[in-house]
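Participant: In case it helps, TrEMBL gives these features for our protein:
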{"type": "REGION", "residues": "1-80", "note": "region 'Disordered'"}
{"type": "COMPBIAS", "residues": "28-41", "note": "compositional bias 'Polar residues'"}
{"type": "COMPBIAS", "residues": "42-62", "note": "compositional bias 'Acidic residues'"}
{"type": "DOMAIN", "residues": "209-349", "note": "domain 'Nrap protein'"}
{"type": "DOMAIN", "residues": "354-514", "note": "domain 'Nrap protein'"}
{"type": "DOMAIN", "residues": "520-673", "note": "domain 'Nrap protein'"}
{"type": "DOMAIN", "residues": "707-900", "note": "domain 'Nrap protein'"}
{"type": "DOMAIN", "residues": "902-1068", "note": "domain 'Nrap protein'"}
{"type": "DOMAIN", "residues": "1073-1218", "note": "domain 'Nrap protein'"}
């Protein structure tokens, strides 16, 4: 055994050890002599199967070795050495890992994943006794003589209550054929379990073992393919087996399972009862009994082509019956189990990594809803075996008979891939195939590799997707909506893009480990349809169930109605669960969810153009589809065409993006008679939280409340341009204006509320709680001059004089301008600004940028004679200068470009800002940091398309905050790279050369400040490698709080989607139970109260109740407008400045009238009194201990009641009362230094 190598493969086969997923940059461990260290089991005790003390070390090329203990180097020539050079085979494996996989680490992760998703061998052995018992029992069921189907069902129901699930059309009393039971001709295990290819599902869906029971051919007649006779006999045969199992002593729960509610595909799901003789709880498996036709069945395959009509429904029409391709394919399905078993056996034997590649495909599919579980994409509920045949098709190629001329086009076969490709290469080849193939226009019929060829069916003209398995004529994709395949095509395309992306994101985790089924993250618009009252225009006999027929109709009409507005229209439904065979069949699911991925260029259009008036037949079809919405119109270019016009009130972008939902509501009502109240569109409830109440807005501003936000924002931009133009034209100022830079979110369309122009004449009539005047901030840069002083304090005085000169000139032209000084300002920092209210009613705050300030500060910092305390002072001043005059304009320009690149970005940002404000976090997070968070979900969408609506973007940002591990990784936002790109279709990539620098800075910052007292969020851009310019104020408390609130919000969104009811104001209602105390303010003197989400409208209505009472007589703030005057904000800042070490304070800056505070829990721990303790203290009992020394200082704690009394005196006139809640707040438990006290 000496020198024997212990490989990773042998480790992964141990059932008691879980392989570790290791990153590319894992630590290297190379021996001194250049050899790869090996493991010698002779030097260890008997292997117990537990993890060794030294973990595996993975090198850059992905090879696993064992950590080497420090010891004297051993010579490789030593016969008993534990070190041994890699063999030729191992070197070959090393080379393959690099060449055949995306990376060596990717291979390691695949090798570690596959054993975790398959049943363990030891657990699988538990299933064998049950399978033997079922085989023996089913084979011993006594035959039953032929009898009338209705009479047979009644007899069976009397025995033990088992139901017979006859299909449509149901047997009638005058039926002259019989049903009976005979022993099966064969019983065998088929499906993925037979080939050890089973993969565990999601949502508790365990392993399924398919037990194929082959019905004897003597039960059937040649004409049984007509009018569901075969399915009636099959249903009775299955019910007899169920009745026998229910009456047996096997202790089994026997349930019917109806994929997509289709009784023609019914099967029995058998599970051992709890505490029964067959325990499968460890395996989480069930046995599914399916029925099959034998090869010598009298039913001719040629009668089952998609063009045959095999259901004859009596009607008065003289037209021939319609073809029944779905019905015919369901019969063909019963002929496939044995054939598919042999085909998969051949594929697994012939294709080297077939099983591993199939497992990867099925995991990928399950994570996206293409399998059993919640939120299943319609058509894929029972399509698990299809993934293996897709792989087989890529290797075996097309059936030659399908490569014929179709019209004027000649179809070319797909070039087969190699049989020896790695599992990753085969997975990638499958993604490439799925991303580019149209199964309707380019049907797939897999080549038969051995045995006789089956009949060839011509699917031309059927307009259904086609994928025919080899050796059969069964179409896997029969009944799968075209929209589901379009969604699959997009998912495959996005997967390829992610695999090709050089992004630092872990692509393996995105491919296989993340659940991507959440509809609010996947789609731009989500619509919930209650189909219980839907009326179908034609019978459902071909589809097998009413549900499937409605889905088929929806697939057609929604695609036609939405047209180019939507890239994808997907139908999603949670399948019904199996039900006991003794129970009646439960009602079909009545809810279908429609997910729409919009085309951002076409979705907002107001008019749908139809055919020209010169084509009467096309016009008739158009009018028949759209009904009264269609009208003949003449357009400016001279065209006269049928058209559908969607009228809007405000015509904002947000309102325009609601048109697809309106179209769906109308079209399902017209064609399926679904009432409007049964259609719920989930993107219409958000806009109400992004505007102030219209009744007060009408009094506040000269702009009508119904004006679109984009129109209002254009007014702000126009006012800004006019102001800059006026300043440039001024001649009586010392220096001329060179340039101006906007830095306000109002000018980049990301302000929560569009800045409304103030009605100057009506301002004096406004109540105090509606007198806030927002200002749009801009930066002015004047021409260089030698007259500028070289003293920082003197520069500020020159700025003041220059702004005063501008103010005087503006005042002469009708504006109101005055110079303002910042509170608590530093004389050497910029602290002077110009407040301007234009005649149009827009307010601005202008500051002056002088580049000489940066040079002077850098010089003082670099001077060795500068004392350390002053150097820190200068560094702080430089940081503020760069942030205000360099980074802010640069950030504005990049975000302004992002708004034009992604039109929904501004709506997303406004919603996120509103959410953060409503949950009292915005006072600790800068608006710029919020905007970068939102930019991330557009620039790094992962395996999704960037959002096309603000609602979808909001959901993704909330998910980002809930999932982002901000302690371990920075958030990378390539916003400046995006600004320089022209093509919107290309994925934006952060420059890799500076990404490494950003990672190094992040690591250093975590080492310097492990408690994350500042900069807990690291939001990295190309111009901010530290990631802290805009998020420096976010500590671990705020970051942890944001994460918790994001999780709660997303859970609420998910539950609301499932329930069909979404109340946005409830989602934005902030919980206050976690706070130690609450400060309640007087809303009547809160100038921003009208922005409050839950504002009381009676407050401003009562203010104008009496017309003869002058507002200026009752106003606290007077009648003169004050730019950005917000005493609530000033009170908050004062409390935080004075008591910042004693407590943490939270509130909503947008009209919030309650502040919540939590005490520093460390200050509740007794400590000896000393001078300059840093907080208001009071003595406490020493715990009963006698003070032997009279000089011993008393213990003190924070005097919370005194602090609250001081705060109440500080806020006299604003604060109504302070409520102490008396709970230990959990808000602070995210901060390291306070964690132990929580």
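Glycine residues also receive a Cβ, built from the backbone N, Cα and C atoms like all the rest.
Nobody curates TrEMBL annotations by hand; they come from automatic prediction.
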Participant: For the domain 'Nrap protein' (209-349), give the DSSP counts of helix residues, strand residues and coil residues.
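Facilitator: Per DSSP, the residues of the domain 'Nrap protein' (209-349) fall into 54 helix, 26 strand, 61 coil.
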Participant: Among 209-349, 354-514, 520-673, 1073-1218, which stretch has the most Cβ pairs under 8 Å to the domain 'Nrap protein' (707-900)?
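Facilitator: The listed stretch sharing the most Cβ pairs with the domain 'Nrap protein' (707-900) is 1073-1218.
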Participant: At a threshold of under 8 Å on Cβ distances, which of 209-349, 354-514, 902-1068, 1073-1218 pairs most often with the domain 'Nrap protein' (520-673)?
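Facilitator: Between the candidates 209-349, 354-514, 902-1068, 1073-1218, the best contact partner of the domain 'Nrap protein' (520-673) is 209-349.
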Participant: Between 0 and 100, where does the mean pLDDT of the domain 'Nrap protein' (520-673) sit?
Facilitator: 90
Participant: Could you give me the DSSP helix, strand and coil counts for the domain 'Nrap protein' (1073-1218)?
Facilitator: 43 helix, 30 strand, 73 coil
